[in-house]
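Q: As annotated in Swiss-Prot:
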- His53: active site, charge relay system (ACT_SITE)
- Glu92: active site, charge relay system (ACT_SITE)
- His27: Zn(2+) binding site (BINDING)
- Ala1: N-acetylalanine (MOD_RES)
Amino acid sequence: AQADATANEVAERIGYITRVQSFCASHRLHSPTLVMNITNIKEHIEEVIPLDHKNLDKDVPYFANVNVAVYIXDNMVKQLPANLLYEVKIHETDKNIVVYRGE
């Protein structure tokens, strides 16, 4: 029953799938008005996402791309200041991407 409730809850959420074409250019990241230091964001991400270097098919069978985005977003909003997280973007490949905005 718990698994069915979780599956139904996730099924009602919206994920955006994007295909990306890329180009190469340069840009210097300099913004004294950043809302949060990038180092702090990295620390939060490492704490919330225990998925690094895992085989999601074998180690975490629950996940498909959209579910990974929902999992990360739900846990990141608990770590960050209110209304700071805009979206979570998962790159399956360079051209296949899932975007979750908490909707």
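Cβ atoms are placed via backbone N, Cα and C, with glycine included.
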Q: Measuring Cα to Cα, how many angstrom lie between Glu92 (active site, charge relay system) and His53 (active site, charge relay system)?
A: 14
Q: Return one of helix, strand or coil for Glu92 (active site, charge relay system), based on DSSP.
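A: Coil, per DSSP.
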Q: If you skip the near sequence neighbours and keep only those at least six away, which residues in the chain come within under 8 angstroms of His53 (active site, charge relay system), Cβ to Cβ?
A: none
